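**Student:** Checked Swiss-Prot, it gives:
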type    : residues                                                              : note
BINDING : K91, W105, K110, G130, D152, P153, S154, M181, E182, M197, Y201, R316 : carboxy-S-adenosyl-L-methionine binding site
Amino acid sequence: MIDYTSFLEQEKEGPLARWVEILPDQISEGLSTKRYGDLEQWLTAMQNLPQVDNVQVSYQSAVTLKSTAPLAQETHTLIEQQFRALIPWRKGPYNIFDIEIDTEWHSDWKWDRVLPHLAPLKHRKILDVGCGNGYHCWRMYGEGASQVIGIDPSPRFVVQFYMLKHFIGSNAPVDLLPVPMEAVPANLQAFDTTFSMGVLYHRRSPMDHLRELKATLRPGGQLVLETLVIEGKLGEVLVPEGRYAMMNNVWFLPSVPTLISWLTKCGFKNARCVDVNQTSTDEQRSTEWMTFQSLSDFLDPNDPTLTAEGHPAPLRAVILAEAPE
């Protein structure tokens, strides 16, 4: 089992104290082998990982782990087998002792689009909502964040994260909690920066999600919001009646002006769009480490500007805004 004891002990006196009181039960529910039938075998894969001394870590495009001494072939093979047991790997890339994990998403490309626009992350306490396996959490730490907490309710992603942290070391102030956004106490106001990337369109009530995000931020803290949008004017929103790009849990795709107005309505200040990008089949695709269908399968085979259902193909915007002082 993943041990959160030191994290809970460290946070019980700080701004997360209210959350720490209820977190043990939330963690137990999020990592329940009764709820998630495959979780036990994923945890076994993590427990099978060997110890590697003197690991060097680079938090660049591919989060890279290297050993100062060559690994024995059987050790290298064992590590690769355990990481493959957690397929599919969606966010990355990673390079684990020369094992290249070519993930479904080139998440480094998104980071390169987002990073230049952010308030500097150095010394910041950061929350990453819906963080997947935590790739961007490591990139945030690499930019000098004092602490990064990711939350994601998928236990596979949580185990993937802690497989990396097994080698990086428990002293790194980066953690991933197996909880959804709803688990975060109201009006926590504990974080300098909160990221929500690839989450808003999965929410039945986008306004509620935006208000929840604002409540995580200290006064003046920065929100980094990345979500699917459509081209259009103020007030225009796509609400797919069926699936969108083969996903049945997509609810609201606003135009950029509409999204900015939502943020303003929810009390954010200075909401502005800093990037709009058409998702390409080079950025999101099937790989050896994610062998299922991907973006090319979700688009109209005769017109890649449309989804298989005839909606506009995925267009992603990055919006920044601040909580009021």
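Using the three backbone atoms N, Cα and C, a Cβ is placed for every residue, glycine included.
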**Student:** So if I draw a 10 Å sphere around the Cβ of Y201 (carboxy-S-adenosyl-L-methionine binding site), how many other Cβ atoms end up inside it?
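**Tutor:** Taking every protein chain into account, the count is 22.
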**Student:** For S154 (carboxy-S-adenosyl-L-methionine binding site), write down the residues of its own chain that are at least 6 apart in sequence and whose Cβ falls under 8 Å from its Cβ; none is a fine answer.
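**Tutor:** In sequence order, the residues whose Cβ lies under 8 Å from that of S154 (carboxy-S-adenosyl-L-methionine binding site) (at least 6 apart) are G132, P178.
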**Student:** Across all the protein chains here, work out how many other Cβ atoms are within 10 Å of the Cβ of E182 (carboxy-S-adenosyl-L-methionine binding site).
**Tutor:** 10
**Student:** When DSSP states are folded down to helix, strand and coil, where does E182 (carboxy-S-adenosyl-L-methionine binding site) land?
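**Tutor:** Assignment for E182 (carboxy-S-adenosyl-L-methionine binding site) reads helix.
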**Student:** Does K91 (carboxy-S-adenosyl-L-methionine binding site) have same-chain partners at least 6 apart in sequence with Cβ under 8 Å from its own Cβ, and which are they?
**Tutor:** T103, E104, W105, S107, G132, N133, G134, Y135, H136
**Student:** List, in sequence order, the same-chain residues at least six positions removed whose CB sits under 8 Å from that of K110 (carboxy-S-adenosyl-L-methionine binding site)?
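**Tutor:** Non-local contacts for K110 (carboxy-S-adenosyl-L-methionine binding site): H136, M197, E226, E283, R316.
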**Student:** Find the longest CA to CA distance in the recorded carboxy-S-adenosyl-L-methionine-binding set K91, W105, K110, G130, D152, P153, S154, M181, E182, M197, Y201, R316; express it in Å as a whole number.
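**Tutor:** This binding site's residues have a maximal Cα-Cα distance of 26 Å.
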